[in-house]
Amino acid sequence: MAAQTPIIHSKARLREITAQWRGSGDAIALVPTMGALHEGHLALVRTARQRAARVIVSIFVNPAQFAPHEDFGRYPRTLEADAEKLSEEQVDLIYAPAAEEMYPAGYATRVVPDAGPALGLESDARPHFFGGVATVVSKLFLQVRPDLAVFGEKDWQQLQVVRQMVRDLDIDIDIVAGHTVREADGLALSSRNAYLSPEHRAAVPALHRALSEAASLIGGGAPMGATLVRARQAVERAGFSVDYLEGRHAESLTPIEGPHHGPVRLLVAARIGGTRLIDNVPVPSDAH
Ligand SMILES: Nc1ncnc2c1ncn2[C@@H]1O[C@H](COP(=O)(O)OP(=O)(O)OP(=O)(O)O)[C@@H](O)[C@H]1O
Ligand SMILES: CC(C)(CO)[C@@H](O)C(=O)[O-]
Ligand code: BAL
């Protein structure tokens, strides 16, 4: 049995431990999460492990990135099971602050990305979202002061927003991306998949199928506009209501108007039976 990974809740204790590690010359990697951990998160942990002597996983369901009507209250919280999985991965430390530790009474500052990759897509459906993410990620970066931090490509727009933020704020932390881990039928692993009823679970592979078929058609030279309209119809036929299904320049996430150059990413967000799923895929590059 692996040794239990210590769980700490206070930033003061976090500072003591990380100062010691830094003093011994150990590189520190941070994997920020909201818990309810699955193989996608564990893949990020393994990436972190390969790159740093010390790995910290933060577990914090961040109220600042949820709107009042969203699922903050029912978001799965499974700290004990998460700690077991992270112990198996020999994670050095779990940092699980309470909301009051992150946002004490009188808290008054937000980091709000208001241009660049934060524009559109998730921001249209969740206008508060990237302000909440950028605020908590910058706080975690300042609390942990890691050498690198690992984020999943499943949240592609979030990854680009974080990259933009570290460039804009001169934050000296390497942002490393981890590939999306999927079920055998293509569904991207996500903590929110636990909300799906068996009936909806059977329907959801259509989302990734439609997206990857569209990507290979566009990669083969099919027109983007008409192909995305057909992909959207296929997703709707499977029972989803689509928030967006778009092609964007992969890193800047600017919209594609007319002939395009450089990598393109297709991104989708869609709701089924009260569960909101997101996914994204690259367009194969021989299209350019
Ligand atoms: N299937 C996946 N493959 C790779 N990385 C993932 C996957 N799912 C989540 N991640 C990454 O794990 C980190 C923490 O994400 P989070 O805790 O929100 O998990 P999640 O499964 O995406 O949950 P949610 O259902 O809330 O979106 C993020 O960097 C996210 O991109
Ligand atoms: C990066 C993050 C941990 C910030 O709360 C969250 O948005 C997530 O889990 O992707
Ligand atoms: N995985 C992104 C976190 C969120 O949807 O709130």
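Cβ atoms are placed via backbone N, Cα and C, with glycine included.
What TrEMBL lists as ATP binding site is 34-41, 152-155, V181, 189-192. What TrEMBL lists as active site, proton donor is H41. Marked as beta-alanine binding site by TrEMBL: Q65. Residues annotated as (R)-pantoate binding site in TrEMBL: Q65, Q158.
Across the fold, the C-alpha of L37 (ATP binding site) and the C-alpha of Q158 ((R)-pantoate binding site) stand 18 Å from each other.
The distance from the Cα of E153 (ATP binding site) to the Cα of the residue listed as 'active site, proton donor' comes to 11 Å.
A C-beta separation below 8 Å, combined with a sequence spacing of at least six in one chain, links Q65 (beta-alanine binding site) to R126, H128, F129, G131, G132, V133, V136. Summarising the environment of S191 (ATP binding site), the number of other Cβ atoms within 10 Å of its Cβ, over all protein chains shown, is 19.
Annotation note: E153 (ATP binding site) sits in a helical segment as assigned by DSSP. By the rule that a residue counts when its Cβ sits under 6 Å from some atom of ligand 2, the recorded positions M34, H41, V181 yield M34.
Not one of the binding-site residues L37, G40, E153, S191 places a Cβ under 6 Å from an atom of ligand 3. In the structure as shown, the Cβ atom of M34 (ATP binding site) sits within 10 Å of 17 other Cβ atoms. Taking the C-alpha atom of Q158 ((R)-pantoate binding site) as reference, the shortest distance to any of the binding-site residues M34, V181, S191 belongs to M34.
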